[in-house]
Amino acid sequence: MATLSFVFLLLGAVSWPPASASGQEFWPGQSAADILSGAASRRRYLLYDVNPPEGFNLRRDVYIRIASLLKTLLKTEEWVLVLPPWGRLYHWQSPDIHQVRIPWSEFFDLPSLNKNIPVIEYEQFIAESGGPFIDQVYVLQSYAEGWKEGTWEEKVDERPCIDQLLYSQDKHEYYRGWFWGYEETRGLNVSCLSVQGSASIVAPLLLRNTSARSVMLDRAENLLHDHYGGKEYWDTRRSMVFARHLREVGDEFRSRHLNSTDDADGIPFQEDWTKMKVKLGSALGGPYLGVHLRRKDFIWGHRQDVPSLEGAVRKIRSLMKTHRLDKVFVATDAVRKEYEELKKLLPEMVRFEPTWEELELYKDGGVAIIDQWICAHARFFIGTSVSTFSFRIHEEREILGLDPKTTYNRFCGDQEKACEQPTHWKITY
């Protein structure tokens, strides 16, 4: 198998044409329709998926990495990102709720995403491309030899697959796999790429070494961020505006149970994220404490930095007293027994508890977003160590303009000696 190696230093020397094939740059705030009008017949499709055990909030982070890759591709050719349908996530455990093949529009505002990069839903891809076929699937993997000490280099090589493929050929020699729950989807070719580096490292390969019109990158979490914490990162993160119907549910809950509205809380939210540039600390937040208390697998997976329920309640009461707050909103994945114990210890706590009909409508992912939206508007927030759920709340509060001192806080383990608080990643416009 031919080796296709692109070292980071070489990638930096590549001279990309300054404009897309249509003669236009794609920039934040531009409509996808502006650049892609009439281009469906010639544009190429980028698809991706993530390791099945990874959760909702890590997958949102992978989207940001893939968006960087798409921006690199757009400098040379017309590409569009096909949004991977949601479903079959470990943390989505509500029984009797159909939670596969969920389009992104259930959770996010697609026009907002399209102001950053051109995106379409998977079913639109099927309609445009002529059927449920993906020309080339690349399974991303690490290097078998690992990273050796010395100078870090970014590279990508076509290599033999290290692990057994989760794809199998049918009698027509098409590849069958999970494909987001779409059983009719088939891959025409599957091969493995060893990658070490940021997402854009695979751009030369996609542009020069395959003519496939539709390309899927499986195990995309193996790619790193191009510019973590930079303007491009924040442009993409800001574009990930929650779906309006979920925000409205959260806003109604804030108003009814927490005496919180954007006007009263000094939060200047705008529907168009490209026009929303807020000075940090200018927003006050609602008159309540926001809490994310991760339990379940974190109890045994992160024993040192996750408190007991009693320890968590002591910290909550201390914060409420310090900040003169008499309301507390808690987002938690605690099992029923633990939740009942928490309620006894903290009877004044408020929680968003959907009815079965609401759960069926919003699904577990929508409920998680509502929880995050409410926590993001709190006067003061405290989260759980190394939880991506808490990380996403940090980012949302940064976008809304709340004081970082009220955002980057976490619970400490009961016996934890050095309780390092989360790093402040300042928003960049």
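The backbone N, Cα and C atoms fix where each Cβ goes, glycine too.
Binding of GDP-beta-L-fucose is annotated in Swiss-Prot for P53, E54, G55, F56, N57, H292, L293, R294, T388, F389; the matching candidate from D272, D371 at the same site is D371.
Taking a C-beta cut-off of under 8 Å and a sequence gap of six or more, N259 (N-linked glycosylation site) has these contacts in its own chain: G286, P287, Y288, K327. Cβ neighbour density within 10 Å is lowest for N57 among the binding-site residues N57, F389. Neighbours of C192 (disulfide bond) among the binding-site residues P53, G55, N57, L293, D371, defined as a Cα within 10 Å of its Cα, are absent: none qualifies.
Listed in sequence order, the residues of the same chain lying 6 or more apart from P53 (GDP-beta-L-fucose binding site) and placing their CB within less than 8 Å of its CB are Y90.
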